[in-house]
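Q: Attaching a single structure in structure tokens format; questions to follow.
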């Protein structure tokens with residue numbers, strides 16, 4: 001390559017452009033995080049819940065900081081039936097119940113799938129009673145074949161004795177005419 005002809009941005013420019021894009025992307029999020037939830041108190045629920053660290057209390061129309069040290073907000077902060085987090089149209093109590101039902105349904109579904117898979121793999125390999133039944137069935141079939149062969153032999157001897165034995169080719173006697 002010639003010293004004067006550089007193609008594309010150099011790696012130093014790529015890092016600078018990538019850094020600038022990252023700063024521009026994070027700037028609105030940093031501004032939203034910088035705002036305290038108490039500043040959104042006089043606003044609406046939707047404006048309060050744009051920041052995920054905020055909790056809207058419907059009884060006193062206040063935007064509060066979500067107590068991240070606790071899983072559930074204490075009742076002294078706001079009752080669960082009037083607390084909103086994430087979306088305004090579902091109270092925290094209903095959200096907990098819905099998530100519990102969904103989680104329980106998923107666990108039940110996984111348990112049923114595991115049970116069915118284990119049951120299917122167990123049914124693939126026969127147990128002792130099934131093996132015994134298969135063995136007995138095979139023995140009966142072999143004995144039946146032996147009896148059938150003995151009976152055929154006995155019938156053939158009787159046919160020979162009385163001259164009723166079938167010829168190998170039943171059409172052979174028509175050839176003599």
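Glycine is treated like the rest: Cβ placed from N, Cα and C.
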Q: Out of 69-93, 94-118, 119-143, let me know the one TrEMBL marks transmembrane segment.
A: 94-118
Q: Within the domain 'PSI' (36-89), count helix residues (DSSP H, G, I), strand residues (E, B) and coil residues, in that order.
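A: Helix, strand and coil residues of the domain 'PSI' (36-89) number 8 helix, 10 strand, 36 coil.
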Q: Give the mean pLDDT for the coiled coil (128-161) on the 0 to 100 scale.
A: 92
